[in-house]
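Q: Reproduced below are the annotations present in Swiss-Prot:
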{"type": "DISULFID", "residues": "31-175", "note": "disulfide bond"}
{"type": "DISULFID", "residues": "330-361", "note": "disulfide bond"}
{"type": "DISULFID", "residues": "513-545", "note": "disulfide bond"}
{"type": "DISULFID", "residues": "551-562", "note": "disulfide bond"}
{"type": "DISULFID", "residues": "556-571", "note": "disulfide bond"}
{"type": "DISULFID", "residues": "573-583", "note": "disulfide bond"}
{"type": "DISULFID", "residues": "931-958", "note": "disulfide bond"}
{"type": "DISULFID", "residues": "962-975", "note": "disulfide bond"}
{"type": "DISULFID", "residues": "969-984", "note": "disulfide bond"}
{"type": "DISULFID", "residues": "986-996", "note": "disulfide bond"}
{"type": "DISULFID", "residues": "1165-1200", "note": "disulfide bond"}
{"type": "DOMAIN", "residues": "547-584", "note": "domain 'EGF-like 1'"}
{"type": "DOMAIN", "residues": "793-958", "note": "domain 'Laminin G-like 3'"}
{"type": "DOMAIN", "residues": "1019-1200", "note": "domain 'Laminin G-like 4'"}
{"type": "CARBOHYD", "residues": "283", "note": "N-linked glycosylation site"}
{"type": "CARBOHYD", "residues": "497", "note": "N-linked glycosylation site"}
{"type": "CARBOHYD", "residues": "600", "note": "N-linked glycosylation site"}
{"type": "CARBOHYD", "residues": "624", "note": "N-linked glycosylation site"}
{"type": "CARBOHYD", "residues": "637", "note": "N-linked glycosylation site"}
{"type": "TOPO_DOM", "residues": "25-1238", "note": "topological domain 'Extracellular'"}
{"type": "TOPO_DOM", "residues": "1260-1307", "note": "topological domain 'Cytoplasmic'"}
């Protein structure tokens, strides 16, 4: 490839580009000359004039009528000026009519090159309304935000002095405008031939303006023989860019465009295009919309052979023919890399070869009309009545699915003809007076905003409906059909004062544009309609198509699909993971911790959206919510132990890990966590890992920033060591990794990487497995993190003058703010951010009111949420405020969301330039006193604590979380304050888990017995209260509480048994019929039996029992039923000595009623057992080594709540001889038999226990001796891939015997 042409093209691009843009800037700086002051009277025209002829309307004009005033003051009036040539307009000014009370208070501007097909001036993508005058003499000047180029300017009054009439004097400011224009008729093109065979460019800049008469056509094309190409092509009114830098790809006809921008580009208005390319980086701009993208290619150069064509792609072998549809319209100021192509063509330079191209823009005089109102817009045009047949044709475009296009009453009682757009489909209906009717249905999706041609032709009994050159007809055998044309044709809708027979509209009026209306093959002059000399109309814009694409740009965020009508747009957020009017709000939480805080207590896979409404997509990961620390786990694509052989420095082994998300997503999750880790394992045999600290490493890993890291698990960044190197416990003291000992036996280095700035591991490289007998295996565990740094990020404001400030909020279209607050103050400002005119403010305006005020330049919008209870109660409350293009909303806690629709007129971009104040205002007044936590702006966390550390009057953190969240600790759990959160202490609860909600339950069989001895409390918690020891004294208990849940199919059976200080006891049992009975045997020998429920509770269902005794009053809750009993006043209740669950093994002296229920033990499931502050079942299962609880028989932990019949049956099938789930014997069990069986079982247990102790003693001595003569090492349980051979797995398992007594510790 020749370097010189490429260098020359780059220099030409840079120098000519600088000259071109410098010249443009110079012209713009001086473009403020008055353009209308010296124009003659003929330059002015108007809709009407009070004098009957045109009046001068120059600024400061005092002669004659002193300016322009129309004959009628209504919304149809306008004042127009012809500037003679296309000029650049930068400003306008107005006055009222001199010496009168006539002036305009607001108006719109329209522009045109031809005096037809007007374009309304827009600002911020809205039709702009200018503020007019307040009197007749003062001048109101407006600098246009962006200049326009036009010959004709039209002022359209909207409002005027209510005590006067419309009156106006005006001036237009700007400068002359020069341009080079080429006109293409759809069958012509310009060819720009290169001086050399191939033009190879590293940079390209192409700029042009175009005005198109149709929606399709090629603007530019060039290609090279090796496959490079560049094409700009109009497709359905949008501009597509095709750009390829690599040869060999598919051709233009079979590939998708690199980018596609714009909409409604066939509106016969000027549109600008700018294409900038530097290597693979490309900026593509159409009007005000820009798309940046990177070309997927190996090279940076664009190689074009021979020529570039503009306006079409001619076929060299067939003159006058083109490869694709050619462009029909005008192109202006066409520059290719600084070369003015049209100027070369006008001067007939040898590089340019032109077809039938002219150098002035010829435009057809097409007059469009706009139907504005869906209720009252219509156009009435006359026809020629009583003609045998009918012919009507026109073009229309709209976004609405439904609307009336045409209604006409036919002559000679031949019925009514209707043309309706319904559901985007065209329906032609002919209704006869006699009740006959027929229809034609054609087309679909006609509400796509494109121009569609419709033609109706009827002759005798034949009717043809043509849509976009596709004809559909009625069946020819309709004998009753005879059509005679009527004298009135209603387009778009019907007037209110007509009868149904004159104009029928079974659907709403049409909103959209029409043009080229023909009736009886004659065109209709719509300018005559505007002047009142033809037909009639209502709510029309004539000589203007004001269609607007509300989905460009697409304000639906996060991939939401934009759907529009004529007046508004909607966002379809299906399958995006987001919700809201513009798909702004994520439906997922920002961390696993927030999920649990919102009440989700089940571990599993969740989608986590770390930046909320920000640009990052949600990522699916696993949340372990049931533990105290909430771990999130992100797995990658390689989970098994992977064997490596045959790698060296010249041919390294490399493996890349894929976590199922982007690096930005992973980094956001890691940075938002308190702690993260990844376990890395390297098994080796004659395969070195890191070498010596001074030597080049043999293995390394790549982290988040694509950097090499030369430390291993258990070590820290900056030192080339493994974990054993830090602990000085490696196999060879001369190395800092076990594998660096380079032995013939298997060794391993395993540990955790926990430096967050380096995580996650994205790649591993191994280079030392190519020597004799050298091999290795590696495993990298999942990324695991816990803790949410954002959710508990809080500050406290101690003075009203204190505040935090942050950089201004650079948001324009959508903004959402969310945070928690708590306070005792009466009022205070949470957040304030100001602009020149715009602002936003969130404040506590009263103890029970929150106000959100925002102004984008159209006047403030204020939302107020009133709480039924005070918000200054020192509890945490949540606020979410949002403003987007569709609505403004405010929500406090779970109160109803307050919403107000956003106006689509005027400003819609929020422009702020001051710092964002949190907790106060710039004036240091109305500051907030209290705490603000978890502040997010558009999903991004605002680090309050970091700024609070260095700000006077503000301190990081906020104590007192238990006051708001203490009720999250259930079942007797106690809320414990932490610095930046809280936790639940479940010591005195029969439950466990983060919120004391996880039941502790177990399966019992007939031999199971748990005996809990009430002595001094066991030390399961350092926070055990001294008051809890009260139940261990010998004093009489005045109160007691018993809780338990059970599942069984056995009756009778004993649920719980309490031994008191004397032979007194308390028993909870099921009688033979399954009813619950409570038996009290008190100190003086009296017994009290309470039958709580006659229902059979031995029904394999979970039942809950809660018993409270306060003195002599006893209340029992059985499931949802509540029972009350009373003891005699002299009843005495002593201290409990022991509590037994399951079978009572000491049966001597047992009450016969208890013995009967105890005979077969308890078979079933018990859960959540509690006596006062003691949880005996929990103590036996969780603290067996220190709790005074003894377990005999089989005890298996199990969830009663998930128990099914098969689980219950599995426990009971062993005892078939006396199956309690079978038919119940009517007779009582034989007490002697029970006692005999118990004695036998007791003897067997004693023998087995003695033998067990003997075996344990012998094994203990043997192991002790073995330990003295052999070194042992701990080995972690391993998982191996099925594809590893058995010898390899066996060798790894033998590592513990070759460790030479070295032990490796990991952080």
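Yeah, the Cβs are placed from backbone N, Cα and C, and that goes for glycine too.
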Q: 175, 562, 931, 975: which of these disulfide-bonded residues has the highest Cβ count within 10 Å of its own Cβ?
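A: Counting every other Cβ within 10 Å of each candidate, the maximum falls on 931.
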Q: Looking at the disulfide-bonded residues 361, 513, 573, 969, 984, 1165, which ones sit with their CA no more than 10 Å from the CA of residue 996 (disulfide bond)?
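A: Near residue 996 (disulfide bond), where near means Cα within 10 Å, the disulfide-bonded residues are 969, 984.
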Q: Quick one: of 330, 545, 573, 962, 984, which of the disulfide-bonded residues has the smallest count of other CB atoms within 10 A?
A: 962
Q: Going by DSSP, is residue 175 (disulfide bond) part of a helix, a strand, or coil?
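A: SS state of residue 175 (disulfide bond) = strand.
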Q: Take the topological domain 'Cytoplasmic' (1260-1307) and average the pLDDT across it for me.
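A: The average pLDDT of the model in the topological domain 'Cytoplasmic' (1260-1307) works out to 39.
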Q: Could you state the CA-to-CA distance between residue 600 (N-linked glycosylation site) and residue 637 (N-linked glycosylation site) to the nearest Å?
A: 28
Q: My understanding is the cutoff is Cβ-Cβ under 8 Å with a sequence separation of 6 or more in the same chain; which residues meet that for residue 969 (disulfide bond)?
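A: When sequence neighbours closer than 6 are ignored, residue 969 (disulfide bond) has 975, 984, 985, 986, 995, 996 within Cβ distance under 8 Å.
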Q: Of the disulfide-bonded residues 31, 551, 958, which sits closest to residue 1165 (disulfide bond) by Cα distance?
A: 958
Q: When you rank 361, 545, 551, 637 by Cα distance to residue 571 (disulfide bond), which of the recorded positions ends up on top as the closest?
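A: Of all the candidates listed, 551 is nearest in space.
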Q: Taking the Cβ of residue 551 (disulfide bond) as reference, which residues of that chain separated by at least 6 in sequence fall under 8 Å from it?
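A: Sequence-distant Cβ neighbours: 263, 562, 563, 564, 569.
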Q: Summarise the domain 'EGF-like 1' (547-584) by DSSP state, stating how many residues are helix, strand and coil.
A: 0 helix, 10 strand, 28 coil
Q: So for residue 361 (disulfide bond), how many other CB atoms are inside 10 Å of its CB?
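A: Its Cβ has 18 other Cβ atoms within 10 Å.
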Q: Near residue 556 (disulfide bond), which residues of its chain come within a Cβ-Cβ distance under 8 Å, counting only those 6 or more away in sequence?
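A: Sequence-distant Cβ neighbours: 562, 569, 571, 572, 573, 582, 583.
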Q: Please name which of the recorded positions listed here, 361, 497, 513, 637, 1200, is nearest in space to residue 962 (disulfide bond), Cα against Cα.
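A: That would be 1200, the closest of 361, 497, 513, 637, 1200 to residue 962 (disulfide bond).
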